[in-house]
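One structure is given below, encoded as structure tokens.
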Amino acid sequence: FAGFDAYFTSRTLENNRRNVWFAEYWEENFNCKLMSSSKKEDTSRKCTGKERIGMDSKYEQEGKVQFVIDAVYAMAHALHNMQKDLCPDYSGICPEMDLAGGKKLLKYIRSVSFNGSAGTSVTFNRNGDAPGRYDLFQYQMNNNSSPGYKVVGQWMDTLQLNLEELQWPKGELEIPSSVCSLPCRTGQRKKMVKGMPCCWHCEPCDGYQYQYDETSCKLCAFDMRPNPNRTACQPIPIVKLEWHSPWAVIPVFLAMLGIIATIFVMATFIRYNDTPIVRASGRELSYVLLTGIFLCYIITFLMIAKPDVAVCSFRRIFLGLGMCISYAALLTKTNRIYRIFEQGKTSVTAPRLISPTSQLAITSSLISVQLLGVFIWFGVDPPNTIVDYDEQKTMNPDQARGVLKCDITDLQIICSLGYSILLMVTCTVYAIKTRGVPENFNEAKPIGFTMYTTCIVWLAFIPIFFGTAQSAEKLYIQTTTLTISMNLSASVALGMLYMPKVYVIIFHPELNVQKRKRSFKAVVTAATMSSRLSHKPSDRPNGEAKTELCENVDPNSPAAKKKYVNYNDLVI
């Protein structure tokens, strides 16, 4: 403002006495002292009064001069408008204006509107503030001129920015982001920076967490997992052992072969039910044993079937029942053989409970123990299905699966099979005790080989079953291992005990003929002596010992007739 500069630079100590602060300004501007009582202590030079502002000192107009001028004009316009309204017939201040007061004057000040010293409009808002006016500068590097600030816009109620005048680093044309932190992506939460409300770090919701809101993640329920973008939870898929799975195909194939073979053997025995070989095998226990073998194969289909209450109930019943029936029948057979030949060494009287009816009763009592345990299990813990979400809950939620299965623990499975394993071990002990009896008299040795092989199978089963308890494939490995072990046990018994007999019945019927009757004492004594003489085969011709033993008995004597027993009742 040139007018203000001309006025202010012409001010001296003589023509500006009304301003009480002008003397102090004079001392500061010219770095001198007007009198000895001056408060300025950093100089000893005295002012002459002839100094001139802008000539003897550096002068630059104060930046707020514009606002002072506009403020004076605002007051003048307000007084003028007030005088026009309150004193229309007076050339000066009338009594009404004199008594108006400051509040009425403030009302007129806020209502003024005029062009200020800078050529812009001067107005006030309802709060008495003048509208903001700002020029926006950008420091620019220019090849044609020296670097400096350049006006690129202004603010007057709204932003007015000339984007074409702006320069960005490296000559980029796109406007750079002017934020402390970019928005977080979906599935990430904001971790606020302490003391900086507009700044944050983005952290992903990991594991089984989902994005609950902008600043927090929450854990999904135990049966849920986060969706792909982690904005919500979704149910974990439920799986079971499928029929087409490789873990199921092999056991099912073995079971089907075993069922076909078992039905074939059973049909053969029924067809030739009255032939000597079938009768000598102990028909009643043979059918019981074949039934147990058949159930061992059937359990494979129950273990792979989709679990429900009915399937789980049948699993509990038949899981150990097939093995229990098989080994109860074998134990009864081996025990009968052992008792017959042990008592025959000291007495000519036949042991008790060796008739077919007695054998069935003993076998039934052994099987009833297993059934009693199962019924108690039903009462204590009724069968039902569960979905196990922990078995296949992997670190990656996308691979998590819920396993549909029966509510049967590993310990309960072993307990269900424990009684059958006890029968198997006991049967193996009797098979070992009767291993010295010649095979011409009984099938103790095939039973022994069957039990030895079965024990090896189940000794291999136990470490595999419990060794995979922590595996993600636990359901598949344990089910496959259990079903294959039962299939192998049944196949060993079927192959070693019945296939040779079926072979003779079908392909060598000439061997399936009635044996001559011999006394019980003669048969047992022959077996005992044959075992002893087998260590000295060179002493006598083959079969001589047995011939002499049999010839010592007169089959026509009355006493001997009471001792006659059917050979078919001894060969079991």
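Even glycines carry a Cβ here, placed using N, Cα and C.
Per TrEMBL, the features are:
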TRANSMEM  247-273  transmembrane segment
DOMAIN    247-521  domain 'G-protein coupled receptors family 3 profile'
TRANSMEM  285-305  transmembrane segment
TRANSMEM  317-338  transmembrane segment
TRANSMEM  411-432  transmembrane segment
TRANSMEM  444-466  transmembrane segment
TRANSMEM  486-508  transmembrane segment
REGION    532-554  region 'Disordered'
COMPBIAS  536-549  compositional bias 'Basic and acidic residues'
So what's the average pLDDT for the domain 'G-protein coupled receptors family 3 profile' (247-521)?
85
Outside the transmembrane segment (486-508), six or more residues from its ends: residues with CB under 8 Å to it
251, 254-255, 258, 261-262, 264-265, 268-269, 272, 275, 277-278, 281, 286, 289-290, 293, 296-297, 299-300, 322-323, 326, 330, 443, 446-447, 449-450, 453-454, 457-458
By a Cβ-Cβ criterion of under 8 Å, what residues six or more beyond either terminus of the transmembrane segment (285-305) are in contact with it?
241, 243, 248, 251-252, 254-255, 258-259, 262-263, 265-266, 269, 278, 311, 314-315, 318-319, 321-330, 332-333, 356, 359-360, 363, 479, 482-483, 486-487, 489-490, 493-494, 497-498, 572
Could you name the stretch, out of 247-273, 317-338, 444-466, with the greatest number of CB pairs under 8 A to the transmembrane segment (411-432)?
317-338
